[in-house]
Structure formats: structure tokens, C-alpha cells
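Here is the structure we will look at.
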Amino acid sequence: MKLRVRALESKETLRIETPSPSSLQDLKNAISEKISSLPESLHLSLNRKDEIPDSAPEESLQSLGITSGDLIFYTLNPNGFSRGISTVTQQTQTGESSQSQACNKLSEIQSETLNKPDDSQTITRDLSSGGTSSAVSPSPQQEEPVGLSEDVDEHMNEFEEMDVDEPAPEITRNSSSVPSFMKKVFKEEAVNAGSNSKLLIISVHAVLLESGFVCLDSATKQKITSFRLPQGWASMTSTVCVNYTVPDLFRSGGEVVESVVLKFQILGKFVNVYGSLARKGSDIHALSLNESLFMQSINFVWTNCDSLGAVTDNNESAVKSNHEKKLFEFWKMVKDGLTLPLLIDLCEKTGLVSPPCFMLLPTELKILILDFLPGVDTAKICCICSELRYLSSNDDLWKQKFANEFGFSAAEGMRGSWKEKFAILSERKKRRRRMSTMRPRILRPYPLGIPYFPVRDPVPSGFHAPVGGRSDLLPGGIDFPGLAAPRLLGRRNVVTRCNLGGFNA
Amino acid sequence: MSSTKIFLKSSDDKTFEIDETAARASETLKNIIDGGCLDGVIPLPNVSSNILPKVIEYCKKHGGDNGSSKKIANGGVDKDKEILPDYDEEEDKREKVRVDELKKWEEEYMDFDQQVLYDLMLAANYLHIKGLLDLTVEKAASMIRGRTPDQIRENFNINSDFTPEEEEEMILIEDEWDDEWAFD
């Protein structure tokens, strides 16, 4: 088994290979050999807070929750880690309260071990400038996913310290909280994170939890209070099915009003996720996740699960922030493609207050968004739904669009609504564009006054009538919209019809 | 520069701190400050603690130098040249660097999912932070530009409420406008 071992004080990392299976004692022997000290004086920890109990030195490393690739902290200081926790650390960390205890412990350790606070500050700054990365900072408060980047972070921390009522900050839905939230979920599901696709499923699970969903145990219909997935999910072959709901949908008797089902289908390098409501039929929201795109970054976070602030140089921090960017991309993709649509469906069907979504924005904001669109896109907006059709046919809106794109003077002598005028002029403009895209084709053969016959073209383009009208008869470079009319006239009729359609609303 | 601290309370009763100069980026907060109604903490019942730090981050970047955001809105530095006849070229360069830096910052700042986008848009609207409102609205508009109605529906989770007949009509309209820039 290959392991990385890091000194708590100096943060120096060693790579160690132990025979498999091996016991805790074997590991201690291996480390003491490397750092030339006595195995008895070594203290080990997985999360650098709680010591791995040495009550059973003969027990295998696997049974203690240590797997290949893990990072293990050691110290010679007998008080470096807290003792007295007899179980493996992963299991002690369920729920918010023990988290905050751990956090407090960590801050004690921090104050002892970080004798150069200035250095650690610099590292934080470097990281922040490289992207969203507050979670990797060594400051104890930032272990909780409250942080924003840069100064807001410092700001909040200052304040959190003043806030006596709430020593443990809540989980806030925030961009830079992504890696640290994921780490928490990974830690609890560490036993099942055997393969890439499983790790990817756990990652999606993390996004669901962070979006406010709770996981349901399909057998007992009870909610799972920790960050874990239902028992036995990892043993399901090709398709994994998981139920989720939101806390508001629990009836007093423990009955669940409605839930959503996620189906994970593993197809080679792809994990397809299908989400829909469990009872009332709804649209299926599908997402296809490519392992090769995200696995490197997810694995990075996973293998560094326990090393919170262990950044030693700028190079490492750059790699870290790069991975975190990628991870955030994944996060966004799952949120926008899966959790938000599911949450909207769920709330719509059960009458709960829906999360903010486009259609629930106040009308003034929707109109403002339309203001920012070019005319063509505004015209298409009217095909989406009746409310948007109504909003996008406002004549003042079109008047403004007309002025922006053509100027008021162009409207002289034109009749009809502003949208109609806009349609007519944009049709003319389109026609001109069409002419100008053809011109080079006509001109190209004679750049030097010598006729040019491309070999692979059956009809040399100089004599070939290109698409549309009689433009082949025209000298290049001069715009004769009137002459090019025959084919295009038909199109103008079509546009007028379109216009009327838009206005029947 | 004065650094009077102002305390803002989110809808879920969390208090955040902001410099007065930064808070002035928000019309609403500015009016409260200027109106002298400053009574310790300003409650913001429409902004949650998820979004408030993000808003504060924006105000910190933009508060106190209202000029710069205006310049960007006017399409860069050219306008200033006309106003100031003795325009310094060095100053021009510095300004350009600053604008570029700000653009880069905005790009990173605006990297979030849709839910945050709407929350932030609503907060900017409520607090009257013009620059932030423009940024968020522009982001929403960019998610519409050049897409087909179907793509937009999927993107924003909108269900079509048209009758089958209307639906057909819509498809026609869509096709006409779709042809529009086919030659681009």
C-alpha cells in the first residue's frame, strides 16, 4: 500500500510503501525508519485532529479506514493530536455539532503549530488571486465553507469572531465552499469510493445535498441525516438508484409527500444521470458526465481530503486552484442541469415556494433582460411561452430596438408597429448581407486581371450563378438590392406573415 | 478616506460589516446613510446570507470609485478624451490597464450557477446597485442570445403553455427569424 506521510509541524511529506496487508505497527516502523526516531514516540492521524488509536497495533490498516493513497499526519509531540476517540475518525464526524468541535480542536492545534502566521497569510493571498480557493487556506475558520474569496473572507471572519451566538458558521451556498463541502461528503463515503464512477456519483450526491436535498433510504423511507448515500448503493451494478426529497416535504407521521429519483447509469467512461419526480410524472432531466473531464480534479480533492491547509509552495497552490476551478465547473453543470430543474419541478408539483428561476423574476427584470437582447433574439423569445410573448411584443421595446439598430431616421415613410418596421428593415439588411457574402466569390477569379479556373470546381465560379437572384449579372462591389429582388421578394412576404403572427398575441 | 463601518443584517439574521464608502455603491444604502436613519444595523429582509457577502464583495470593488464603472458603461476611455482637452497619455494607459483588470475581475466574479445569478440580480435590484444589476442582466441575456427557443426553455426550465395550434404557429415564426442571420 502506498501512503503519503506528512509531518504536522514541518509539513514535510514522505512517501512510504508498506507491505499489504500491514498493521498500524508496520506503518509506524516504516515511518520511524525514514525519520530515524522510535516507533513508540510516533503519533498518527488521518485528519490531523484525532489520533489513530494505538489500542490495536496488530489490526490491519484497512480496518482502520486507511486506504492506498491516503495522507497520514504524524507528530512526535504526544499532545499533537487529541486522544480518547476509540472509533475511526470518519464515523465520529456526523452532524454539525461534532464538526464544530473538530473545528475548535483544529484551531487549538493550529495556534500551537503555526508558529509563523505571517507566512500562512501570504499563502492565502496568493491562492485567492489565483481563483476561488479560500478552502485551502490554513486559517481555521475557513475550514467551514463560509468563505468568499479575498477580502470579503477576512471580513467575514473578523465578524464571525465577534458573533458569540453562533460559533460554528452555517454551511452557506457559496462558490468557494465547493471543495470543502465535497471533502466532507467524501470523508463519510470514503469506504465506497472505490472506482472513478463511484467517486463521480458521490460528487453528484454532494451537489444534491448542498442544494438542499436530503437523501432517502429507499428501504425504510427515512431520511439519512448524515452526508451518506443509502446503504448498499455501491453494490448495485450498472444502474444506481437514489431517492431524494426536501425537508419541507416530510409529513408529521414520517411520510414523504413527494421525492425525486436519480438514476445513475455507468457506461464506460460516462456516467449518465437521469432525474425525475418519483410519483407525479414529470420531465426527465438528464446529464451526461464524462469521467475523463472531471476525474482528475475530483480525485485531487479526494486524495487531499485530510490536508486542509497543507500548501507548501506557490506551484502546488496553482495546481490546486486549477483543480478547484474545474471542480466548480462540474458543480455548476450539475446544479444548472439537474438540481435546479428538479427542485423547480418538485416545488411546482407540491406547492412549495420555488427557488429563484427565470420565470419567477419580477416583470421589470424580465423586461430589463429583453432590453439587453438584439432584435432577432427578442423576436425568438416570443416563441417560448405566453408570458414572454406578451412581454416581448411591447411596442416601446421595439421602438428602442429599432432606434438602436437602425436609428430613428430610417423609419421615415414607414407604417405599422415598430416591430413590423424592424422586421422590414432587418430583412433589407439581411438581403444586403447576402449580397456582400456573394461578392467575393464573383471577384476572386480576377484579382490580377487573369481569369482563374479552380480545378476542383466543375463550374468555374466566375460563370457560375451562385445562390440567389441575378447577382451573377451584376458587377461586383456595387449593391443593387432592387435587381436582386425576384427570389427575395418571396421572403419578404414570409417575414410580414411572421410579423403578424408575433402581433396576434 | 473615511472608513466608518456599517452593519448589514441578512434575512436570516446574520450580520455583515461593510465600509461606508463601499456601501455607497448601493443607491438604497446611500439614501439610508444620507438620510441619517443609520441606527446601528441596517436590516435587509430581502437578501440572504448566501448572497450578501457576494454583494459586499462587489461594493468593495466598486464603492468609492463610482467614476470607473461609469467609464466602462460609456464604452471605455474615449469619451473622457473629448471632455478633457489636456488628456494625459500616461493617464490614458493607466486607465486602460485598470479597466482591463476590472474586466478580468468581473469575469471571475460572475462565474456562478443560475440560482446565484437570480438571487444576485434580485439583490442588486433591491439595493439599487446599477453596475451589478447590469452585469447580472447581461449574463442572463448572454444565455439567450443566439439560442433557439427550445434551448432557452431547457436552459431556464420554462414550460411552454401554448395550445398545439399556437405551437405550430410559433414554429413558423421561429423558422423565419432563424433564417435571419443564416448568411452571417
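Each Cβ is built from the backbone N, Cα and C atoms, and glycine gets one as well.
Note that TrEMBL annotation is computational and uncurated.
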Under TrEMBL, which of the candidate ranges B:29-48, B:49-68, B:69-88 is annotated region 'Disordered'? B:69-88
May I ask for the residues of the chain that lie six or more residues beyond the domain 'SKP1 component dimerisation' (B:130-170) and have a Cβ under 8 Å from a Cβ within it? 25, 27, 55, 58, 62, 69, 73, 106, 110, 114, 117, 120-121, 123-124, 178
Going by DSSP, how much of the domain 'SKP1 component POZ' (B:5-62) is helix, how much is strand and how much is coil, in residues? 23 helix, 13 strand, 22 coil
